[in-house]
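The ATP binding site annotation in Swiss-Prot covers Ala129, Glu130, Thr131, Gly132, Ser133, Gly134, Lys135, Thr136. Summarising the annotation, Swiss-Prot assigns compositional bias 'Basic and acidic residues' to 1-25. If you look up Swiss-Prot, you'll see 1-35 marked as region 'Disordered'. Positions annotated as motif 'Q motif' by Swiss-Prot: 104-112. The motif 'DEAD box' feature in Swiss-Prot is assigned to 239-242.
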Amino acid sequence: MAKRVQHEGGDYRPQKRSKNERNGEGSKVSPSAEAIRNELDPISDATYVQSPALGDLSQIEIDQFLAKHCIKVTDSSEAPPLRPIISFSHLPSSFSKIYDPLSSFSSPTPIQSATWPLLFAGRDVIGIAETGSGKTLAFGLPCIKKILDSGKVKRKHARPAAVIISPTRELAMQIYDQLSKFGASVDIRVTCIYGGVKKDEQREALKTAAIVVATPGRLKDLQNDGSVDLGKVKYLVLDEADRMLDKGFEQDIKDIIRSMPDSKRQTVMFTATWPPSVRDLAATFMTSAVTVTIGGDPSADPRANTRIKQVVEVVKPQEKEARLVQLLNRSQRGAAVCDKVLVFCLYKKEAVRVERLLRTKNFKVAGIHGDLNQHERFKSLEAFKTGAATVLVATDVAARGLDIPSVKLVINVTFPLTVEDYVHRIGRTGRAGADGHAITLFTETDKAQSGALINVLRAAKQDVPDALLKFGTTVKKKQHGAYGAFFKDVDTSKSATKIVFDE
């Protein structure tokens, strides 16, 4: 079905999507099934009209904005480029009521500016940006507007119009919290589906939800037992796609997508990195996707947010916990007594021990790790968000996706297993344009990671302590347990299996 884009007074009408253009397996639908799926009116084709104010900007101003925020847009189609939406005043004027919650923000983030016009125009989009860059509203606002444009706000028979898949319960709940604020103003129902809780209430909420935010495992379960029909989904988002593949959800995701309409679906993918496994997934289920990259080359070595001041202290293993207490006493005093500090440990047992230690030192502390049930995790996160707890002790279950505002300091008590996880951890501070601070306690047992860490520090123009340099600057070549140092020659991403490791 054609998509119409109006750009600076001219019309662009790309060709209809063809099922043969897709490389995915199992995407064909029998005529009878297709007829059933078309029982309800589909979400209408997208029409994007650029605002006059945006058109009045000079090309020099547009180029300067793109360069300032390191925005790169790659589009293999012949469609004319769409200008980034630099100001909220440049948003489409129709259904302006949904923009009311934006009043608390000063301007769109770079990923929002670059992807909004493409998504409003109905294009498939791959967004590559650091966590904390405003991705939820980047895909959420076009989702809500698309449903409003269709005139099919009310849903029934557990047939949602849009599905957003995220890797963790915590991230799914965050997305739900943001989108429900926008949906409530226009009577669009949003529901959140995740594991660890009973299914009955979720089944009931699915009956009338227009937008479903879900983790892949629970969504697959509810789909298998007939609680939800994805045959009417016209807008699909895969958020933190790289993280979902890391967690072994590739087959679940493929099965879920194959149950959705093929030719009338707009697909959006957001990811922090761009490994071959994510590229393969995008090529399988997306059509002529536009890639929007914020920052440097996502396939290169991991890079930390340059707004984060990184400090690495080389200490003895037995000194770490005492040094942690000193750092917290120093950081939480005077005007900063209520500042939020996120403390990362490597294993669950370590996190429990550190949490107990800090509680004995009279810090207002909460914890989040794999041994806690959903209610306990939610309680800890809420305590941290509201300020009832100013220190949150976490394992890497919280390293990606959690949107906790105003984290002033991240402390790594134990260095993670990879430098990529290090970058994700410290990315919890310095979000939404703010400055951040991260302190890492590095020991001799972590020396295999010294070279990679030094590269991250140097790339962000941070100081590299002499004690860290003594461990060496060599970056250890990645190895695979079965294929050794030559694992890159073997594509292991084709048959991902869900494996859960003890933290």
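Keep in mind that glycine also has a Cβ here, set from the backbone N, Cα and C atoms.
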Nonlocal neighbours by CB distance (under 8 Å) for Lys135 (ATP binding site), same chain, sequence gap 6 or more: Ile111, Gly127, Ala129, Asp239, Phe270
DSSP three-state assignment for Ala129 (ATP binding site): coil
Neighbouring C-beta atoms (10 Å sphere around the C-beta of Gly132 (ATP binding site)): 24
Within the motif 'Q motif' (104-112), residues counted as helix, strand or coil by DSSP: 4 helix, 0 strand, 5 coil
For the motif 'DEAD box' (239-242), residues assigned helix / strand / coil by DSSP: 2 helix, 0 strand, 2 coil
Where Gly134 (ATP binding site) falls in three-state DSSP terms: coil
Residues satisfying Cβ distance under 8 Å from Ser133 (ATP binding site), sequence separation of at least 6: Thr109, Pro110, Ile111, Ile294
Gly134 (ATP binding site): tally of other CB atoms within 10 A of its CB: 22
